[in-house]
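Features as listed in TrEMBL:
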{"type": "ACT_SITE", "residues": "B:Asp303", "note": "active site"}
{"type": "BINDING", "residues": "B:His56, B:His58, B:Asp150, B:Asp303", "note": "Zn(2+) 1 binding site"}
{"type": "BINDING", "residues": "B:His58, B:Leu59, B:Arg60, B:Asn90, B:Asn276, B:His307", "note": "substrate binding site"}
{"type": "BINDING", "residues": "B:Asp150, B:His177, B:His230", "note": "Zn(2+) 2 binding site"}
{"type": "DOMAIN", "residues": "B:45-233", "note": "domain 'Dihydroorotase catalytic'"}
Amino acid sequence: MQRHLISAADLSRDDAVLILDTAEEMARVADRPIKKLPTLRGRTVVNLFFEDSTRTRISFEAAEKRLSADVINFTAKGSSVSKGESLKDTAQTLEAMGVDAVVIRHGASGAPYRLANSGWIDAAVINAGDGTHQHPTQALLDAFTMRRRLTGRDAGLGQDLSGKRVTIVGDVLHSRVARSNVDLLHTLGAEVTLVAPPTLLPVGVGSWPCEVSYDLDAVLPKSDAVMMLRVQRERMNAAFFPTEREYSRRYGLDGDRMARMPEHAVVMHPGPMVRGMEITAEVADSPRCTVVEQVANGVSIRMAVLYLLLGGNEPAVTHARPPVSHHHPSDERSAHTPFAEEK
Amino acid sequence: MSKILIRGAKVLGGAPQDVLIDGEVVAEVGEGLSAEGAEVVEAAGKVLLPGLVDLHTHLREPGREDSETVLTGTRAAASGGYTAVFAMANTFPVADTAGVVEQVWRLGKEHGYSDVQPIGAVTVGLEGRKLAELGAMHESAAGVTVFSDDGKCVDDAVIMRRALEYVKAFGGVVAQHAQEPRLTEGAQMNEGVVSAELGLGGWPAVAEESVIARDVLLAEHVGSRVHICHLSTAGSVEIVRWAKSRGIDVTAEVTPHHLLLTDELVRTYNPVYKVNPPLRTERDVRALREALADGTIDIVATDHAPHPHEDKDCEWAAAAMGMVGLETALSVVQETMVDTGLLDWAAVADRMSFAPARIGRAAGHGRPVSAGEPANLTLVDTEYRGQVDPAGFASRSRNTPYEGRELPGRVTHTWLRGKATLVDGKLT
């Protein structure tokens, strides 16, 4: 593993599989009466959120607390940032307080990269979503969800997503989720198809490692997972599409369309959903829709990422599991017994 | 004033000759000139050029003296071999009245490092709605002939047409910053493969090209001349080439950075590479070099745009657009045009001195190196190679994209009307 997690594109296949496998171990913690590990005891993590995102912040916070980290939440609203303090000063101020990791959500693409690479701070940086660039933990939790549903919880261990066909539908242009997913799913061997009106695809998408289609109905029967992206109604006013109704008719997922998917195929959504826009209530509430699982899996994935970035060699989260290729051959984690109970 | 003998310089890159400066003018050019009574500058192996002329400089004064002043900017100019710079109008207050342009012009005169020719705003406050008093600025002591809303595009077709027509009365020229504003809302970098990956708002080539196409047609229709600032795309080159072939009176400039750098550098998210128009692709760079070589693009202009450190030491979206360029321009041109065999030094003299002086009507600048001409001269050590060190800049700002990059060529001497402003690489 690297020291930071900035982009899904930075992860090798082995890195990604290791995170997914570690997340499976973390998920078992959630099944216990006491959902806590001592791994990050004494370590401090700051959730530095320059953009509103209650879900992502709470998910990271839950992950940090389950690993016993000390958690500081910093949100831009009402803070010194609104008084003109720079990202650099804010980060340095927090680091001066002894922070080991910064989980950052920022409206500007590249802000986490700058934080990690400008020599401003020494702490590990985890990207919790930057502008329209990347949201790597979202891509990881999506891959985790797919692997569980399509391969199986235990059968999936050590496996990637080779041969799985994933369709991502909606506002790709403005979506960091789409970018992260294309990168990670490609690394994991899946075949990705993006479906959107041409206005909502970036110029330059042709160089991405995926297919592009404007025809949802043609792609659905060949999909193992269909990921619907949120489409903000305001996009209509910038002429990305004529009306909400037309968008829903052409690119929305309703019951009829879902019926044309293979029986095993799942419907995914990173949330928050705009019901009636990209997804109907019938689909959103169906058992094929993984939205709620994705939220639960998000905590496990974020625990795994925090552990792998910050846990170092501490064997607190260990488990006898099928051998997987590790980035650090000397890593002793796999030799240890299942998760030690809280001492 | 005493005499100076520049001995053995390759004048415009040609055979070694001696050049004798007497007072403010070049007294004699020839072989084996007498050094009697003259201070001698040994120039064997070096290239002597006419003093460079920059048609596109941001001096920031008045209003943003934290990033540059007329003094620091003209010292940077002298350091880069320039004897005249055209100061852009986007100051605070905007240079849209005779009062502001005269102030900038006087400051240049007082400091004496290079002549400062103010550019007047086309519209009041650069707002694109109402013509500024173009005639008053022309008649002022500053004698403005170039008008530009640079930083913003004169996007209203009627205002652009009227401005093109109006300045004909006194031989003026409108220098257009070609950027269709609606197509570039939220634009952060060139729109293409790299912007798609980085998730940064795209600045499409068509936003520049469509405005240039409109403006050359307007210039043809009303019989005016038009100048295109910082042309940056292969498509823009084709439009200007076509316009010239039709006899339209259009001139165009390219910046040094658009001759060398591409949008691949934006992958670092380092705002030193953030500039407007943005860095484009390898294909565009090639087209720009070819166009500068074949004369489709008339001149190199720096778009020297100083910014304080804090405006670049931040996330990309929050950073200011622009790069300093006066002190590295000639080196970049040598790297991209001369050392590649696309231009010889005589052609460099044309693109960086003769032609910009002609477009901007800068009297006494861009003249041949011959007897009787004003002694505005630049001596270049073309054999030099070294890393760019911003700490040594005369500019108040350090926002260069070339820090640590090895570039050829170094200006060792600059003379402004016979007075040395730079000697052995040091400002006087």
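Note: Cβ is positioned from N, Cα and C throughout, glycine not excepted.
Nearest to B:His307 (substrate binding site) in space, judged by Cα atoms and limited to the binding-site residues B:His56, B:His58, B:Asp150, B:His177, B:His230, is B:His58. Mean predicted confidence for the domain 'Dihydroorotase catalytic' (B:45-233): the pLDDT average there is 97.
Applying an 8 A CB threshold to same-chain residues 6+ apart, the list for B:Asp303 (active site) reads B:His56, B:Thr57, B:His58, B:Cys229, B:His230, B:Thr255, B:His257, B:Val275, B:Gly322, B:Met323, B:Gly325. Recorded residues B:Asp150 (Zn(2+) 1 binding site) and B:Asn90 (substrate binding site) have their alpha carbons 7 Å apart, per Cα-Cα distance. Other than B:His56, B:His58, B:Asp150, B:Asp303, the residues of this chain whose Cβ falls within 8 Å of the Cβ centroid of the Zn(2+) 1 site are, in sequence order, B:Thr57, B:Met88, B:Gly151, B:Cys229, B:His230, B:Ala301, B:Thr302, B:His304, B:Ala305. Taken residue by residue with DSSP, B:Leu59 (substrate binding site) is part of neither helix nor strand, so it is coil. Looking only at other Cβ atoms within 10 Å, the busiest spot among the binding-site residues B:His58, B:His230 turns out to be B:His58. Sequence-distant contacts of B:Leu59 (substrate binding site), defined as residues of its own chain at least six apart whose C-beta falls under 8 angstroms from its C-beta, comprise B:Glu68, B:Thr69, B:Val70, B:Gly73, B:Thr74, B:Val85, B:Ala87, B:Met88, B:Thr91, B:Val104, B:Val116.
Each of the binding-site residues B:Asn90, B:Asn276 was scored by the number of other CB atoms within 10 A of its CB, and the lowest score belongs to B:Asn276. The Zn(2+) 2 site is set by B:Asp150, B:His177, B:His230; from the centre of their CB atoms, other residues of the chain with a CB within 8 Å are B:His56, B:Met88, B:Ser148, B:Gly151, B:Ala175, B:Gln176, B:Ala178, B:Gln179, B:Cys229, B:Asn276, B:Pro277, B:Asp303. Of all Cβ atoms in the protein chains displayed, 27 besides its own lie within 10 Å of the Cβ of B:Arg60 (substrate binding site). Checked against B:His177 (Zn(2+) 2 binding site) by C-alpha proximity, the binding-site residues B:Arg60, B:Asn90, B:Asn276 yield B:Asn276 as the nearest.
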